[in-house]
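Student: Under the heading domain 'Major facilitator superfamily (MFS) profile', TrEMBL lists 62-450. The transmembrane segment annotation in TrEMBL covers 63-85, 97-115, 122-142, 148-165, 186-208, 214-235, 272-290, 310-327, 339-358, 364-385, 397-421, 427-446.
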Amino acid sequence: MSTQTATITEVVPHEIIDTSSKTINFQPHEEIELNTRAPSRQSSRVVSEDEAIKLTKDTMFKLLSAGFSFFFAGTSDGCLGALIPYILRTYQVDTDMIAVIFAASFGGWVTAALTNSHLLKYLGFGSILAIGAFIQLLAHVLRVWTPPYSLFAFSFFLTSLGQAYQDSHSNTYVSGVKGAHRWLGFIHAMYALGLLVSPFVATPIAVARPDRWALFYGFLIGLGVINIVAVLFAFRDSLKVIHRSEPTEEGQDTSRGKSAVQELKETLGMRALWLLSLYFFLFLGASVTGGGWSVEFLVQIRGGDLTKMGYVPAGQNGGLFLGRLLLAEPTKRFGERRMVLLYCILTLAAQLVFWLVPNIPANIAAISLVGFFSGPFFATGISVGSKLFPKRLQPTALGLVFALAQAGGSLFPALTGVIASRVGVQVLQPIMTALLVATGISWWLVPKVHHRSE
């Protein structure tokens, strides 16, 4: 699950298409200088507007395919909250067993992060996208017939693995397109739209047939088929297996395996990796915690009606959708670094209204504003990450970033639940406030990227 969990999608190298050979190459671009608070320096690359992929008809097909893959991921992630009551009754498990689902999802992201660099040595860009799409479809096929709980939980490992491959490499493509900030905003807005739509489809199906709630996954199977067709068509020029002209195949495999391991070690040694990961870890922790516990807070502390409060997350997801769509341009125009800091302040202000104003309509409006102002956080973090890491390391680096982000999205909601069981759900508010403050501080710590004069 993307997190949001995470298309994860939330892995953003700049891709340049060599149309003469129909392969994907990573070309050297303008050098930049990365100044951190450490004495050492790293260099990276930035794609200029002249070098970026032009908006041809083929490019538009690829952008639409990427956007749909994020919408598909959002519908998959957004249904779980609505279906949890039915999952508990059908499988006769306690709420503690739901943690197995989150653990399986986290495992999928970690597996993708550790295998990304290896896959890139053997498969073309489109092939990896197609594998991700097929894995997600398989997960929903497993769920629709209500399998044993162990297999049902394992399907969330498959979902996250497929999302990590597809969404992360979709980010890779989009970050290299002309006007990338707008298109990154678009694909991540599509994820938020999926989050918004999914509960409105899942809930009526589950209410009408409580014993057949898993039929909702038939809807996701349909979307999954469309997703596969879109990938196979849009990225058909890079559906390939990479062959190396070396004396022996055994030598090829050994060399490529060692290269992938070396890239992973090099990536783990980058200071920027851990600072950007901290930002995503805290932000996703705040986002999932707020979305998961706000309804319970409104019911228990504010005295809201559960049948009405259940739709409050739709306001947050609607705000998230609009924020990602409308704030991409001002974020780019006025500076990513300063604008995200401003959004952190505005998000914190809305959160304080939610905490300190004992009025349900005001709280609902505040929750929607939290979603709106936090909308650009994810895409902007990806944009900055694409400049912090050398292109050859970006799939591995941002895959690890997203895996650690998923850890935050799993840890903090669970921690909030444990504390709330002892002292009450009102603990949500100080935890949310602290996480948002920490998110702003962690963003300030992310290294700056400056152009180097040649």
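From the backbone N, Cα and C atoms, a Cβ is placed for every residue, glycine too.
Show me how these features fit into the shown structure, please.
Tutor: Remote same-chain partners of the transmembrane segment (63-85), defined as residues 6 or more beyond its termini with a Cβ less than 8 Å from a stretch Cβ, comprise 1-7, 9, 98, 101, 129, 132-133, 136, 140, 159, 163, 166-167, 170-171, 173-174, 177, 183, 186-188, 190-199, 201-203, 206, 213, 216, 219-220, 223-224, 226-227, 230-231, 233-235, 291-292, 313, 317.
Residues 1, 5-6, 8, 80, 84, 87-88, 91, 149, 153-154, 156-165, 168, 264, 396, 399-400, 402-403, 406-407, 410, 413-414 of the same chain, all 6+ positions outside the transmembrane segment (97-115), place their C-beta atoms under 8 angstroms from a C-beta of that stretch.
Through the fold, the transmembrane segment (214-235) approaches residues 58, 61-62, 64-65, 68-69, 71-72, 75-76, 79, 83, 90, 125-126, 129-130, 133-134, 136-137, 140-141, 143-146, 166, 201-202, 205-206 of its own chain, all at least 6 residues removed from its boundaries and within a Cβ separation under 8 Å.
Taking Cβ pairs closer than 8 Å, the transmembrane segment (272-290) reaches residues 3-6, 10, 34, 36, 42, 316, 351, 367, 370, 374, 377-378, 381, 384-385, 388-389, 397, 400-402, 404-413, 416, 428, 431-432, 435-436, 438-439, 442-443, 445-447 in its own chain, all 6 or more past its ends.
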Student: To the transmembrane segment (364-385), which of 122-142, 310-327, 339-358, 427-446 is linked by the most Cβ pairs under 8 Å?
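Tutor: It is 310-327, which has the most Cβ pairs under 8 Å.
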